[in-house]
Amino acid sequence: MNYWIQHRLNCLEQAFNPKYCRALEHTIGIVARQFKAGNKLLICGNGGSAADAQHIAAEFVGRFQLHRKGLPAIALGTNPATLTAWSNDYEFETVFARQVEAFAQPGDILWGISTSGKSANVIRAMEMAKDLGLLTIGMAGNNGGMLKDLTDYPLFVSEYHTPYIQEIHLITYHRICEQVEAQLFAKAGLEAQIAV
């Protein structure tokens, strides 16, 4: 048990190296800037990454720690009718790209999550985002995989084991939510009471 915990901690320490932390700070900056400008965040992923997308959206729409107004974030895997209609009538590979096409406006951000870096529907969504001129955040293991060339703000780790990648992702997006919230609301003199 102690070995397992120590191994996990070692993986986290290796993942959050200076290069990754710099990329994380750049990502925090762009998310805060685009929210402040009135833009929204679209997020997509599959399986555990779809759950992460919902978690991120919930933290921004609701709150992370501060009592504040909601921020516009949409997880693209949450509408079963849209997902199944498009997948049944056309293809699963473009199920997120179609929603990006429908919802995105100039200045919005697409955040694609793929532990493998090769999820076809996330890649197609990122391609659509680039075609529409959106900013893109890519969060992946395997050093980014196929998301590399489609990502403006990369949050890539060299880890290959899915559970470890997911643990890194959780800490990463909690940090983003915390710092974006602090930048946009604590400095504005709004109530900064920690929510229970």
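Cβ coordinates are placed from backbone N, Cα and C, and glycine is handled just like the others.
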Need one residue: from Gln6, Gln14, Gln166, the one Swiss-Prot lists with Asn46, Gly47, Gly48, Glu59, Asn88, Asp89, Ser114, Thr115, Ser116, Ser119 for substrate.
Gln166
Suppose a student reads Swiss-Prot and sees His55, Glu59, Gln166 listed for Zn(2+). Which of His26, His174 should they find annotated at that same site?
His174
Would you mind reading off the Cα separation of Asn88 (substrate binding site) from His55 (Zn(2+) binding site), to the nearest angstrom?
27
Measure the Cβ-based neighbour count of His55 (Zn(2+) binding site), defined as the other Cβ atoms within 10 Å of its Cβ.
16
Applying a 10 Å Cβ distance cut-off over all chains shown, what neighbour count does Asn46 (substrate binding site) have?
20
Alpha-carbon distance [Gln166 (substrate binding site); His174 (Zn(2+) binding site)] in Å:
12
In the structure shown, which of the binding-site residues Asn88, Ser114, Ser116, Gln166 has the fewest Cβ neighbours within 10 Å?
Asn88
From the Cα of His55 (Zn(2+) binding site) across to the Cα of Asn46 (substrate binding site), what is the distance in angstrom?
13
